[in-house]
Each structure stands twice: as structure tokens, then as C-alpha cells.
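Copied over from Swiss-Prot:
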BINDING   Cys10, Cys46, Cys75  [4Fe-4S] cluster 1 binding site
BINDING   Cys134, Cys138, Cys141  [4Fe-4S] cluster 2 binding site
DOMAIN    1-112  domain 'MTTase N-terminal'
DOMAIN    120-350  domain 'Radical SAM core'
DOMAIN    353-422  domain 'TRAM'
Amino acid sequence: MKIGVVSLGCAKNLVDSEILLGKLKGAGVELTPNPEEADVIIVNTCGFIEPAKLESIETILEFAESGKEVIVMGCLVERYKEELEKEIPEVKAYFGTESWNEILNYLGLKEKKEIKRILSTPRSYAYLKIAEGCNRLCSFCAIPKIRGRHRSRKIEEIVDEAKFLADQGVKEICVVSQDTTYYGKDLYKEYKLVELLEGLEKVEGIKWIRLLYLYPTEVHEDLIDYVANSEKVLPYFDVPLQHVSDRVLKDMRRGYDGKFVRNLIENIRKKIENAVFRTTFIVGFPTESEEDFKELKKFVEEGHFHWLGVFTYSPEEGTHAYPLGDPIPREVKEERREELMAIQRGITRKKNEEFLGKEIEVLIDGYEEEFSFVPKGRAYFQAPEVDGVVYVESSRDLKSGDILKVKVTQVADYDLAGRDTEALDLIFSSEE
């Protein structure tokens, strides 16, 4: 029996899929990355927002119509299990999140040996999930209903997993959870992210540590100071702000206002000159007026962010904002999104141009799919999958996980290109 696992949605979902792959492998199952070769297909779904739900349903239907045995798990099932069972009865079984053992039992399998995870990312990086769930009550978000309350993992357990990842050849760990800065508050009764980072920084083989999903109000001084002085934690701040209008932020129940946002960015920049910011905004929230959007647009134009994602609001059942309806037309929401992304495209290019002629450190992820001879990687200011990349011209046979110095020679809107200066040094030194 061959089994294929298809993972949809965010990096946190991907970690769940990798854990499942490890358990299946530990049970002696033959795995395949190609669903067409599989006898059983397990789809790990996302149910966060409308486009993600549609993608999940389309994927389920596609595989269900293929005649293969299909099992569905994840966020979509947590929200809509009864409806799914009724509407797509072709699926053999439905399971919620973290249902790895239940799936093994259903398939009549038992783990013969423990395999923590099977990585589906390049060996250069991996995601490290430090907690599950969320205690926030943002009015637009259904995650607490899907994933439950915040549950931190123990520090020693996380550090052990980081050692496992290092043993696999991983050089960069991307720390993820629904609310990374809340880490430890539930388990240890106080914030413990800095203490966790101290433990992770001691793991041999790990060169970069990247923090993702930082909640604005919990980016405390001790965390900023730690990042400022750390050898491994990158000065990369992924802080989802969602808006900057005081009125909209209040209606979103975010717990801060526009002044707080500006002060936070200013404080980080004051302490970390080369800090890079990524954020996300939501446009088309039910109470967002034209003036609110103009305020957000002006804020984006100020150029605080190297990377920016914009989502159009979609009403989610069971959230505090759901009774507000969806009064802003889809076309208006799309126009607002496109307007912000167009502004940000120019800002990102300008920020990339600041690296022209400079030497940067690049972690190689692999090779460009269309041009298999072109290595590509990322610098400290580029998170995997969501930001741009650096294409590298080199005379060496570069591998995933290599870290090298690259002199930037070209930039585009999102990507950069440069020469492997270490290879040039090797050539010239051999001629002396």
C-alpha cells in the first residue's frame, strides 16, 4: 500500500503533515510524493479563510473523483466535519487536527519505530512549531475555534527537535506557531520566548533562527534586545499588524492602536539598524471606510516594510465580526488590495536596490526549477516561500544548505542576483 500526503495551507499545517509522514514511515508504509502513484491519499486541509477553504474542497473533490481512497484531515474538518461527510461521502474518513494516531489506527497500522518528521522542505531550512492554538479573540479570526487555546510545548522538547533537524542537515529553523510571542505564558506562567531562543542558539549546526508570527503587543524589550545581540536569531520581524486605523483596529479587537504600531517599529529600528519588517494587512473589513483605507495606504507609502501581504476580508462563521456581514463589495476589496500591493512592489524594489554592489550572506535552498543550472537561496531579509530569493552565479557545485558570500549585481521587484565571491577568491588564490 502506497500512501501520499497532500499538505495545504500554512507552514504550521506543513509541520503537521511532516509529523504524519514520519509516523507512517515508522509504521513501515511506502510513501510517495506523487498522488497519482498512491493507493491512499491523505489531504491535510486549511479552513482559515474563504480562498483556503475553496482550495481544500477543490483538492478533495479532485482526488475523490479519481477513484482512490481519500482521507481528509485538518482545519477544514474541525470546522465543517458534518457538512463534509454529507456533501462529499466519497471520502473514506475525516479527521481533525493533530489526528496522526487516529489515522494510523484507522489504517490498521502501528508505529514500529519513532521517526519525528519527514521533511518536505529543502534541507537548508525547516519549520519548528513551538505551540498550538491561540488565546486571542480577534474579531475576524476563526483560528481559536479551529485549533483551540494556546498550548506551548516544553523548552527541552523543542530544543530536542531542533537537534534532530540539525542532524538532518538543516541550517535555518523558522520558529512558528499561531502566536509565537505568547510562548510559555500558559505552560510556565510567564513569557519564555527569549529563554527558548537561548536554548535553540546552542544547537550545533543551526546557523540561522527566524521568528515568524510575532503578535505586536508581545514584542517586548527583552526580545528586541536579544535579537539585537544574537549571533543566530535574524533581525527579521514578521509582525502581522492587520491595519493601522484606530477605529478598525478596535473593531478587529487587536488590542493596540496606530500610535502603538509606529512606536514599535521606531523602537526596533532604534535598537536594530538592519531590522527587516514583514507584515500582513486586511482590507475590506466591514467597518473599514474610505478614510480608514486612505490612512492605511498612507502608512504603507511611508515604506516601513520590506515585505507585505494583503488579504481581502472574508466573513467567517462563529467570529465576532461575522454578524457585521460583508458590506464592502468584492471589487472594492480587490481594488484596495491591488493598490497596496502595487505601492509595496515599488518599495520592495527600492529596498532591494540598497544591496546593489554589496556583499550579502546567502543560504542556498536549491536550484531554479525552470533553469536547473541556476542556484538560488535567501539572505537574512528573505523568509522561505513568502519573500523573494537570491539567484547565484557560481563556478562551484552548490548544494542545499551551503552558506556563502554573494555580491549583488542585479535586482528585480522581489528577487536579487549576484556572484559567488568566495568562488572568485578560490580561483584567484589558486593562481598566485
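Any Cβ shown, glycine's included, is placed from N, Cα and C.
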Cys141 ([4Fe-4S] cluster 2 binding site) and Cys46 ([4Fe-4S] cluster 1 binding site), Cα-Cα, nearest whole angstrom: 13
Residues in the domain 'MTTase N-terminal' (1-112) grouped by DSSP into helix, strand and remaining coil: 54 helix, 22 strand, 36 coil
List the Cα distance (Å, whole number) between Cys134 ([4Fe-4S] cluster 2 binding site) and Cys75 ([4Fe-4S] cluster 1 binding site). 14
I need the CA-to-CA distance for Cys10 ([4Fe-4S] cluster 1 binding site) versus Cys141 ([4Fe-4S] cluster 2 binding site), whole Å please. 15
Find the average pLDDT over the domain 'MTTase N-terminal' (1-112) in the predicted model and report it. 87
About how far apart, in whole Å, are the alpha carbons (Cα) of Cys75 ([4Fe-4S] cluster 1 binding site) and Cys138 ([4Fe-4S] cluster 2 binding site)? 18
Sorted by sequence, non-Cys134, Cys138, Cys141 residues with Cβ within 8 Å of centre, [4Fe-4S] cluster 2: Arg136, Leu137, Phe140, Ala142, Ile143, Pro144, Gln178
Taking the recorded [4Fe-4S] cluster 1 site as Cys10, Cys46, Cys75, identify the other residues of that chain whose CB atom sits within 8 Å of the mean position of the site's CB atoms, giving them in sequence order. Leu8, Gly9, Lys12, Asn13, Thr45, Gly47, Phe48, Ala52, Gly74, Leu76
Cβ neighbours within 10 Å, counted over all protein chains: which one of the binding-site residues Cys134, Cys138 has the most? Cys134
Neighbour count check, CB within 10 A, over binding-site residues Cys10, Cys75, Cys141; minimum at Cys10
Per-state residue totals over the domain 'TRAM' (353-422) - DSSP helix, strand, coil: 3 helix, 31 strand, 36 coil
